[in-house]
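Have a look at the structure below before the remarks.
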Amino acid sequence: MKFAVLDFETTGSTATDRIIQVGLFLINDHEMTDRYTSLVNPGISIPSSITTLTGIDDEMVKDAPAMEEVIAEMVPLLQDAVLVGHNIAFDLAFLQRALDDNGYFPFDGRVLDTMDALRVLFPGLSSLQLSMVCHAFGIEHERPHQADSDAEVTALIWLRCMERFQSLPLLTLQRLELVFTDSAGDFGWFVSEMRQYKELHQPLDPDLDRYFRQFALNVGEWGEEEPVREEEDVLRLPDDFPSFYVQLKQELQQRFAAYEDRESQVQMLSEVETAFEDGKHLMIEAGTGTGKSLGYLIPSLYYGLKQDKKVLVSTHTINLQEQLRERDVPLLHELFPVGFRAAVLKGRSHYLCLRKFEHKMNMLDFEHGKEDRITAGQMLVWLGETKHGDEEELHFANKGKQFWQSVESDTDSCLNRACPWFKKCFYHRARHEANTADVIITNHSLLFTDMKAENRLLPGYKHLVIDEAHHFEEVAGKHLGIELHYHGLSNTLLWLYKDARSGQLSNLRIRLQRFEDERAQGWCISIDRVVEKLLQLKEEWDQLTELLYQLLASRSDPSQSEGNGLVYRVKKDSLPTGWDKLEVLEENMQLNFGEALKPLDKLISEIKEVQDEYDVQSLITDLSGTVKELYRHRDSLHFFMTMPDANYVYWLEAGTYSKNRSLQLFCVPIDVSEMLKQHFFGPKDSVILTSATLSVGKSFDYTCDQLGLRENGADGKLKTVQLPSPFNYRDQALVAIPRDFPTLRGASGEKEFVDRLVPSLAEVALETRGRMLVLFTSNRMLKLVHGALKEMLSPFGIGVLGQGVDSSNRSKLTRLFQNSPNCVLLGTSSFWEGVDIPGNALTCLAIVRLPFQPPNHPLIEAKTEMIKQRNQNPFMKLSVPQAVIRFKQGFGRLVRTATDKGIVIIYDTRVIDTNYGKYFLYSLPGPKIEHMNSNQLVPRIKQWMGENQA
């Protein structure tokens with residue numbers, strides 16, 4: 001088979017733009033056999049933006065051949081070829097125009113896009129950007145955005161794709177063919193070709209032992225496992241932890257010649273183990289570079305093995321869970337003198353339900369056409385690779401997340417041991433591994449889900465490590481409260497019924513029509529009646545959310561939100577005008593909920609009793625789960641509308657563009673400290689809380705109050721420790737505060753502030769050659785700064801990336817920033833923490849405003865009222881501590897290793913002009929802090945950078 005891999009560089013992307021460079025590589029029999037590359041004289045001037053992107057200018061194409069000559073050279077090469085490209089639709093459109101303009105017939109051969117193939121064949125690929133794919137595959141891409149270079153690497157990527165196709169199990173190829181044939185154009189044709197090639201060249205299938213129920217898997221049955229150690233092995237562990245650590249350190253020094261003790265990590269090891277031994281709680285602040293993960297994992301494992309106790313480790317982010325599994329646990333397996341088991345357990349929705357996926361594949365039930373088929377293809381390939389069935393291993397595009405939600409594991413539709421997939425089930429495997437593990441790595445969300453489920457999800461434990469503990473109270477509020485999104489209820493209704501051919505009830509009705517008995521006909525009539533009620537519910541939900549949105553839009557205070565959204569708190573004792581109409585509408589919805597749910601329960605019960613056909617049983621199981629979800633939405637809506645609990649705060653949120661479709665209803669407990677005390681700090685023997693940001697001004701009082709630990713501190717049950725930083729911040733970080741900068745008070749002074757800020761940022765960026773992260777607390781201000789700063793810096797070859805402008809994806813923006821040598825990154829919200837940019841990629845951090853939460857955000861407002869009732873100062877008790885902890889997180893973006901050096905600029909003069917400003921500076925880990933006038937900023941930065949380069 002002959003492939004022609006094509007790439008064009010053009011003057012733009014419209015129909016009137018011209019081609020300026022061609023790259024064409026031919027592949028025959030899995031080898032590159034020919035190439036054709038040429039610059040093209042477009043006959044028009046090349047825009048400066050295209051020259052910046054490609055390096056091609058008017059001078060370079062002045063003597064190049066016209067497209068008429070180039071296309072004449074290309075046509076013979078394209079004959080009988082399958083056209084391949086990366087985002088081929090772009091290149092194909094230009095090719096067809098060039099052929100037409102020069103009197104040739106249009107290209108009518110097969111067309112394949114490497115992006116489709118990559119998504120299916122490499123489901124874990126985090127980016128489809130050409131340079132990122134090259135990086136992932138180890139392909140050198142010397143000249144991005146040059147057609148010859150882009151076409152060559154695309155050809156190499158296509159060869160890799162063909163290799164991957166040929167390595168797939170035959171059964172997977174057969175499944176892919178069913179998914180794509182007759183519905184995915186030329187990609188479906190090519191999958192069929194690959195299946196035929198496999199059958200022809202590999203008559204004996206080597207993958208037969210991996211097949212189960214017509215799927216190729218990479219897992220066997222879970223069950224009893226060989227013990228990882230004998231009982232007497234534990235006796236080999238030294239009796240005391242210091243002796244054990246000496247032994248462990250010797251092992252580390254043998255493996256890592258440059259290994260040296262870190263004072264802070266050694267102290268953490270000791271503090272954690274002592275807390276376990278003494279049955280105490282420990283709050284320990286460990287800054288960046290401490291080696292915090294090993295600082296708690298090593299003593300947790302030692303104590304757990306010696307005492308035969310299970311230790312549970314909880315993180316805020318899934319990323320940290322994965323880091324512990326992939327990096328730290330394997331190292332400890334090498335270091336520990338005895339075997340141990342460590343298991344990762346996530347929330348149930350993170351795991352694939354194989355029964356649901358099988359049903360979807362057998363039915364070829366694809367709501368979103370090609371997008372769903374691509375996602376299904378991804379997952380078929382992934383099933384042959386995954387050992388965990390974990391969503392985090394996949395990277396979806398567009399509608400992929402919605403597809404996942406239709407096949408994710410959930411409690412309501414689980415058949416447990418009655419399921420034919422039970423012994424292959426990823427979720428039950430993970431639970432089994434957790435039950436037999438010495439240490440379980442989970443997350444805060446699952447901790448609280450387990451709490452709400454009366455501890456039925458996690459194995460019993462008395463020893464808990466809470467990493468990223470500064471988020472614990474926030475996650476508690478979220479999970480112990482209620483959040484109802486417009487799409488949450490709408491999607492549930494659509495899963496039940498979308499149209500006569502789509503939805504669980506439609507699919508069930510189609511199945512039941514095959515049975516010609518009266519009972520089946522009666523069930524069909526019952527379904528029709530339920531559908532009427534569901535359609536009424538959808539209509540009423542749209543009406544209710546539209547009215548709620550109108551209320552929100554008319555009463556929202558923009559200052560209540562960090563972003564551009566609308567926020568409005570609803571108070572039971574002062575309901576807004578017109579609320580009675582909303583109550584009537586909600587009461588009608590409750591009636592329709594009842595008239596839909598009761599017959600559905602009856603229908604499910606009757607069919608379960610008499611129908612044993614697997615497809616029907618599978619449908620009924622999924623239907624039962626969706627019905628339970630509908631019950632939850634009904635109860636959540638009623639809780640919000642009636643506001644029965646005075647200990648909760650109730651509010652509405654929405655975006656300004658999607659209107660009622662972006663509406664969210666929140667009911668959140670105002671104070672979770674008593675619940676945390678009751679479920680964690682009271683019944684557990686020992687809880688270790690750790691983070692880089694737990695103290696405010698060297699005091700842990702704020703965090704203790706938030707978590708309900710103040711009494712434990714008073715009675716000696718809790719110990720607090722602030723570890724010394726392993727970095728020399730005095731030499732590594734300079735904090736510069738321009739003292740003559742205007743103070744921003746409200747929106748009225750924003751223009752003056754931005755007018756001063758933009759030139760200052762530009763001057764600094766020119767000095768540092770980009771390599772600068774600017775942190776905002778307002779999306780609006782970020783966007784104001786972005787355009788003006790970009791205009792100032794672009795003539796000097798310095799790029800500007802903005803969160804919510806260039807992309808909303810933090811990982812993508814961070815990657816773009818790191819791959820751009822001269823760039824300024826503007827971020828808000830999520831960029832204040834969790835962003836790791838070590839080395840020279842980041843030299844300067846600018847903090848535009850101290851990160852105070854909007855004081856009239858409903859939750860902050862309710863907490864403020866509660867603090868006032870206790871005759872305390874809410875600004876000093878809540879607002880300042882919250883801001884200090886966020887500020888410390890932001891500061892922590894700059895110095896990530898012992899060799900990182902850089903400058904932090906604080907443009908908010910409140911940090912030196914107010915009484916509370918000292919809490920921010922006093923909470924920093926000892927950098928050099930200097931005040932100066934704005935005109936001294938760049939000279940001082942230049943001097944600092946010179947000193948540190950000397």
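Each residue, glycine too, has its Cβ placed from N, Cα and C.
A TrEMBL annotation is a machine prediction, not a hand-curated record.
According to TrEMBL, the protein has these features:
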- ALA286, GLY287, THR288, GLY289, THR290, GLY291, LYS292, SER293: ATP binding site (BINDING)
- 251-522: domain 'Helicase ATP-binding' (DOMAIN)
- 273-511: domain 'Helicase ATP-binding' (DOMAIN)
- 760-949: domain 'Helicase C-terminal' (DOMAIN)
- 467-470: motif 'DEAH box' (MOTIF)
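Here the features listed in TrEMBL are painted onto the structure.
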residue: ALA286; record: ATP binding site; Cβ within 10 Å: 27
residue: GLY287; record: ATP binding site; Cβ within 10 Å: 21
residue: THR288; record: ATP binding site; Cβ within 10 Å: 20
residue: GLY289; record: ATP binding site; Cβ within 10 Å: 18
residue: THR290; record: ATP binding site; Cβ within 10 Å: 24
residue: GLY291; record: ATP binding site; Cβ within 10 Å: 17
residue: LYS292; record: ATP binding site; Cβ within 10 Å: 22
residue: SER293; record: ATP binding site; Cβ within 10 Å: 23
Close approaches to the motif 'DEAH box' (467-470) from elsewhere in its chain (Cβ under 8 angstroms; 6 or more beyond its ends): 283, 292-293, 296, 313-317, 320, 444, 689-691, 693-694, 703, 885, 889
Local confidence of the motif 'DEAH box' (467-470) - pLDDT mean: 95
For GLY289 (ATP binding site), the three-state class that DSSP assigns: coil
Counts by DSSP class (helix H/G/I, strand E/B, coil) across the motif 'DEAH box' (467-470): 2 helix, 0 strand, 2 coil
Cβ within 8 Å of the mean position of the Cβ atoms of ALA286, GLY287, THR288, GLY289, THR290, GLY291, LYS292, SER293: remaining residues of the chain near ATP: SER264, GLN265, MET268, GLY295, ALA692, LEU723, PRO726
